[in-house]
């Protein structure tokens with residue numbers, strides 16, 4: 001077994017020709033092997049991989065395989081070794097019949113590249129059949145008048161084997177009357193004849209028994225026998241004869257049933273019954289022939305009985321005989337050879353040998369994606385087949401020997417066309433031509449060549465504040481024209497930050513469907529808008545991605561009630577405001593100031609009086625500004641204390657509200673005698689006699705207290721030397737500082753606006769270690785003004801004395817928020833006659849050393865004048881009115897700042913970085929003295 005090579009050429013071209021022929025055989029796929037029939041399954045036929053020159057390491061990648069299931073019926077091909085082996089026992093006789101050559105075509109397909117190799121396996125005959133006769137016994141009638149040398153044809157033995165394994169010769173049992181003669185027919189088969197060697201004598205022996213043996217040429221030889229009984233008849237010495245022993249006739253396939261093939265004509269010179277002939281098929285006529293043809297015994301006409309198919313058999317052989325009616329009857333024989341003519345009655349067939357399905361859309365142009373075989377069972381021009389492909393497809397057909405290749409002719413795009421319906425048309429060259437269609441569906445597999453794309457470049461979402469976490473904001477959607485994993489999208493939040501925190505801590509996106517949820521509860525007052533970057537990524541390899549922007553707008557909700565800035569919410573602990581009974585209608589009493597942290601309509605504030613007020617008809621409140629004014633003139637029977645309750649309501653839905661309570665004390669002072677803020681700031685106060693008396697008294701007492709002041713001064717100096725500048729509670733005179741000191745100072749003026757100006761404090765905080773604190777006190781009941789030079793402030797201990805802008809210092813030397821500011825000292829009021837000046841009328845023991853430096857005094861008055869004149873200006877934007885010195889809050893209802901400084905009643909000088917403090921300690925809360933001008937000095941308790 002093994003591949004057969006072509007004849008070798010001589011000379012120096014021998015090697016070159018052999019290599020060329022081998023290469024041609026591999027390219028065209030021609031290999032030939034042989035195997036003996038009836039070989040056991042697993043018998044090696046040949047190694048295809050070795051004969052093709054394939055390496056063992058390439059077998060797995062080349063995927064060596066049989067081309068069709070029909071080949072796999074008889075043979076198997078090992079993918080690991082490339083060995084072609086017998087799959088089941090092969091019976092040559094049932095496969096090829098009496099044909100001398102039995103070839104089985106086998107198709108082998110390899111991949112990478114895709115190739116088709118044609119292999120022919122010759123099935124070698126095995127002497128596995130013995131010769132056999134049609135019948136085990138035959139009776140022959142021979143007339144006694146038969147002459148010596150007469151020949152009588154015997155039945156030939158049939159042996160399905162071929163070649164040397166078929167019938168080789170015959171032998172006859174020994175007999176004195178008969179001998180055996182063997183002739184060779186045209187097809188090479190031996191034909192036995194019984195020869196009469198001597199005259200028969202019926203009276204001597206009426207019956208002769210002969211044994212005919214047929215022996216084949218196999219090794220070992222096989223044989224078969226039949227018993228011949230010769231009956232000697234009376235004379236009928238002429239046998240029928242045909243005009244020719246072999247007759248040849250042709251008939252087209254598909255001839256209609258009943259078609260006359262030919263009419264036999266035999267002659268017998270005898271007369272009577274010995275010359276009357278009957279026709280019949282000979283014993284060697286096969287059953288298949290008997291089914292296709294019929295013989296009329298009387299006329300000898302042969303007609304078609306069944307379908308004649310050229311593809312089934314191209315040749316038929318009919319054995320006919322003519323028998324007379326003599327006694328004994330004699331017969332003659334002839335052979336009719338029938339040639340079947342081809343008709344184009346078979347459409348061509350397209351057989352799919354291999355198909356790469358699906359095909360990657362990235363497959364290069366010219367790649368083989370399928371192999372096809374075509375065949376037509378007709379012959380000649382009727383069997384010539386051409387294969388065409390449907391137009392307008394990115395594929396083409398390339399013919400090769402015995403097969404066609406399907407190649408790509410254009411680039412493929414799955415997103416444009418996911419599959420192709422390919423129709424292959426096979427046509428033969430017959431007339432008329434026959435066609436056969438083969439339709440295949442070729443799928444195009446996806447490659448990740450498309451990035452996902454969001455449906456919108458910008459998404460906008462709105463959410464009300466205070467919504468619980470998990471609230472749905474919106475849904476982002478992206479699409480990917482790819483399929484499978486290449487189109488499976490995953491959404492995520494790209495790592496940007498919002499207010500210094502990761503964006504993922506604010507929102508969460510469902511990675512599968514793109515729904516975006518809130519991660520937390522949003523507060524409009526803290527955050528109005530988020531800018532989020534949402535990304536999407538497919539699951540291809542490598543993955544592709546895209547981004548989009550999401551703007552989340554937080555909508556305001558009316559969740560903040562108005563906050564009252566003035567008057568203070570803790571009105572029960574606040575000092576009441578003074579209102580003279582002589583105030584005319586429309587006089588400004590106070591101004592209620594409130595803010596709302598919400599926005600828009602939710603922050604629009606309106607003011608109204610509540611019935612809880614003591615005298616609701618006495619006062620009016622402006623709906624939009626919050627100004628409280630007298631509605632009528634004050635009467636004598638009006639209560640001395642009035643409580644005005646103002647309702648502050650926002651414009652939200654539902655509306656929220658707060659209340660402000662203003663305490664008023666009605667006084668009998670003449671408004672003409674009430675001091676105005678501009679009076680004591682612009683005109684220097686006139687010294688009354690009472691003030692002069694006080695100065696003289698203080699000068700007298702000062703000598704007695706000199707020792708005490710000296711001791712206190714030494715103690716203060718010692719405290720400054722120890723670095724505790726803020727711990728001493730003494731006041732001393734300070735030399736005039738340099739001009740640079742005031743350039744570096746940050747003055748802070750605090751004015752109380754609860755009806756009348758009661759006290760002012762100025763704090764200078766230079767960058768050096770010393771600070772100065774001045775305070776002036778005015779009382780409506782006194783004719784003088786008290787000015788106290790409190791103490792120097794040291795900044796060496798910031799934890800004790802350095803005050804931040806948002807805090808004030810209490811008497812207990814602790815810091816507190818401005819919202820906790822203590823009420824002003826009610827004793828610090830001034831009378832009509834009292835005016836501030838460059839020197840006070842208070843006792844030096846109570847107020848400390850008064851600044852006598854002209855520069856210090858002028859600077860202090862300038863700062864007081866600048867602040868007080870703005871507060872007293874009736875046309876100021878802050879508002880103004882009698883009795884209030886025109887002071888009002890800086891923020892009205894129209895402002896919606898989120899963090900409004902809770903300055904309460906304080907007014908600040910721009911540029912100051914500190915809050916005015918009462919460094920001297922707790923204010924004196926006692927009521928002022930009577931009209932005799934005597935009042936309790938605040939400086940006394942400050943020096944305890």
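Keep in mind that glycine also has a Cβ here, set from the backbone N, Cα and C atoms.
Swiss-Prot lists 934-944 with the feature compositional bias 'Basic residues'. The feature N-linked glycosylation site is assigned by Swiss-Prot to 265, 443, 547, with sequence analysis given as support. What Swiss-Prot lists as topological domain 'Extracellular' is 30-693. Look at Swiss-Prot and you will find 715-944 tagged as topological domain 'Cytoplasmic', backed by sequence analysis. For 694-714, the entry in Swiss-Prot reads transmembrane segment, with the evidence type sequence analysis.
Shown here: features listed in Swiss-Prot, placed on the structure.
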| residue | record | DSSP (3 states) |
| --- | --- | --- |
| 265 | N-linked glycosylation site | coil |
| 443 | N-linked glycosylation site | strand |
| 547 | N-linked glycosylation site | strand |
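Taking the Cα atom of each, residue 547 (N-linked glycosylation site) and residue 265 (N-linked glycosylation site) are about 99 angstrom apart.
For residue 443 (N-linked glycosylation site) paired with residue 265 (N-linked glycosylation site), the C-alpha to C-alpha distance reads 68 Å. Around the Cβ of residue 265 (N-linked glycosylation site), the same chain contributes 242, 243, 300, each under 8 angstroms and 6 or more positions distant in sequence. Taken as a whole, the topological domain 'Cytoplasmic' (715-944) shows an average pLDDT of 40 in this prediction.
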